[in-house]
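Student: According to TrEMBL:
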- 527-585: domain 'STAS' (DOMAIN)
- 136-158: transmembrane segment (TRANSMEM)
- 179-199: transmembrane segment (TRANSMEM)
- 205-224: transmembrane segment (TRANSMEM)
- 259-278: transmembrane segment (TRANSMEM)
- 285-306: transmembrane segment (TRANSMEM)
- 345-367: transmembrane segment (TRANSMEM)
- 379-401: transmembrane segment (TRANSMEM)
- 407-428: transmembrane segment (TRANSMEM)
- 440-464: transmembrane segment (TRANSMEM)
- 476-499: transmembrane segment (TRANSMEM)
Amino acid sequence: MSSAVHSTEEYDMDIRSLSSSRSHPQDPPYVHKVGLPPKQNLFKEFKATVKETFFADDPLRSFKDQTRSKKFILGLQAIFPILEWGRNYSFAKFRGDLIAGLTIASLCIPQDIGYAKLANLDPQYGLYSSFVPPLIYAFMGSSRDIAIGPVAVVSLLLGTLLQNEIADPVANAAEYRRLAFTATFFAGITQVSLGFLRLGFLIDFLSHAAIVGFMGGAAITIALQQLKGFLGIKKFTKKTDIVSVMHSVFASAHHGWNWQTIVIGASLLSFLLFAKYIGKKNSKLFWVPAIGPLISVILSTFFVYITRADKNGVQIVNHIEKGINPSSVNQLYFSGDHLLKGARIGIVAGMIALTEAIAIGRTFAAMKDYQLDGNKEMVALGTMNIVGSMASCYVATGSFSRSAVNYMSGCQTAVSNIVMSIVVFLTLQFMTPLFKYTPNAVLSAIIISAVVGLVDFDAAYLIWKIDKFDFVACVGAFFGVVFASVEIGLLIAVSISLFKLLLQVTRPRTAILGHVPRTTVYRNILQYPDATKVPGVLIVRVDSAIYFSNSNYIKERILRWLTDEEELVNKSGHQKIQFLIVEMSRNQAILYWIFINCSLLANLPP
């Protein structure tokens, strides 16, 4: 057996050398000896491995050779990025942030009231969660575009998990709120821990396909849950699966529906969907769908007030407590059974909230071409939820709809979150009595219109075209949420993602390479029909790193390739295989060429 090591630039030259050696048998093949890497002691090797795993970006590089005062300033800037970019802040940037903050505030206020109901909490808790957390994030976050607050998926997930522990949130309202705050606290602890320990790569184990399916299923579930307020149903199922919800809807069709509520909900939903359509058709009119929810709330509230439709069965918000966030430090559970329940719920909700926020932040950072520090984001998101749990907030994260509006409104920095918080503060202080006659139907319409975009058919179709196994993960997560529950759908999504990862490690892809005519390139013969095999040579590519768990499979797969090629040679009478080349450039930083005389493997004549 002969072997050689080449740099990536020599790849094509080596193939030509191999071909020429076959055409001129008297010339020896072009080979190199494989050298051993320099020896390292165990401590240095372990230190290098830990550094590359957890500190690949070398976060302390900027602190080297600096004075103590400079290190202190750099440390503060690392914790509070606003101290760094705030020095170059200008009035022109503030003008963009002011417009963006006012725009997302008009969107978040009606959404927050509705999302709080998804979490089975009173409306003011949704507003509380858009006051304190955005302020914390503005000082600690590294994203310029992300808008912070409650979101539909996390609200539904939190409400479902909490209701599994406390069946009746109305009768046990105080206990339910305490468990919600405790779960929020542990969601924050989870996020901060991932950031400090630099374990953010763990959220990448939930594949994009699984997230697409989970979000789509959650959107359907959220929309179905809104049928209670949309149709004016008073007695509604506590379950979230589609069968139970539809049974509850049709069972109350004869005596539980309210036609005035349906008219209000259908009219406003049509208006909101039309506003979204206008915003998509003309990007300059992005503000139309942004202020649509607030206009809907104002119109419906005024209509209910002048007609006193609430006297005819139209359900209204009725009361939103006035004033800013009260302290909830003494309401957190730090002992007893509820401590473990809150920790378990918080970890799940925190991971989902973190996944959504990081995905949103990276998307807009790529669009504006700036770097997003994932670990800083985790610390910022976790800190705002820890502080929020002590200020009567529930789990907050980045909202895609609000972040998109924030981006389209021309936001420049995280100051737009501060502007939004100030508007929410003024609302809590002075305007909550105005929402007394707001019908629940308009909140349902707002939520339905907001979650419609979470069902991404284009992404699901693209996943189907690219990878059928990923599509199975997507569909499994979707149907798990829709037909079982949110937690079952999440479990299916994580399980399928981990199973796929395990399968790719233990059963890596292999391919036979052929020469692409009129080039010096060698590609997969199944993907490039014009590619031709080199006579007498079998070139196999292994598309994965080699571990103890897949080494036997790779050896057996290569031997099967050789056996198959031997059968083809016997049938066609072509030149017999003399050499096997295993191309493992994806396995190592350099190319390993292994020339194996096939007579040693398949009893072929040399």
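Using the three backbone atoms N, Cα and C, a Cβ is placed for every residue, glycine included.
On a predicted model such as this, the values are computed, not experimentally measured, just so you know.
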Student: Residue list, the transmembrane segment (285-306) vs rest of chain: Cβ under 8 Å, 6 or more residues beyond ends.
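Tutor: Cβ under 8 Å, 6 or more out: 103-104, 106-107, 109-111, 264, 268, 271-272, 275-276, 278-279, 314, 316, 405, 408-409, 434-435, 437-439, 441-442, 445-446, 449.
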Student: Out of 136-158, 179-199, 259-278, 379-401, 407-428, what stretch is closest in contact terms to the transmembrane segment (345-367), meaning most Cβ pairs under 8 angstroms?
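Tutor: It is 179-199, which has the most Cβ pairs under 8 Å.
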Student: Which range out of 179-199, 407-428, 440-464 gives the transmembrane segment (259-278) the most CB pairs under 8 Å?
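Tutor: Going through each listed stretch, the top one turns out to be 440-464.
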Student: So which of 179-199, 379-401, 407-428, 440-464 has the most C-beta pairs under 8 Å when paired with the transmembrane segment (136-158)?
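Tutor: Out of the listed stretches, 379-401 contacts the transmembrane segment (136-158) most.
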Student: Counting Cβ pairs under 8 Å that are 6 or more apart in sequence, does the total for the transmembrane segment (440-464) and the transmembrane segment (205-224) reach three or more?
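Tutor: Yes; at least 3 Cβ pairs under 8 Å.
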Student: Grab the pLDDT values for the domain 'STAS' (527-585) and give me their mean, rounded.
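Tutor: Summarising the domain 'STAS' (527-585) by its mean pLDDT gives 85.
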Student: Same-chain Cβ contacts of the transmembrane segment (179-199) under 8 Å, 6 or more residues past its ends?
Tutor: 54-55, 119, 121, 125, 158, 161-162, 165-166, 328, 331-333, 338-339, 341-343, 345-347, 349-351, 353-354, 375-390, 392-395
Student: By DSSP, how many residues in the domain 'STAS' (527-585) are helix, how many strand, and how many coil?
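Tutor: Its residues fall into 22 helix, 12 strand, 25 coil.
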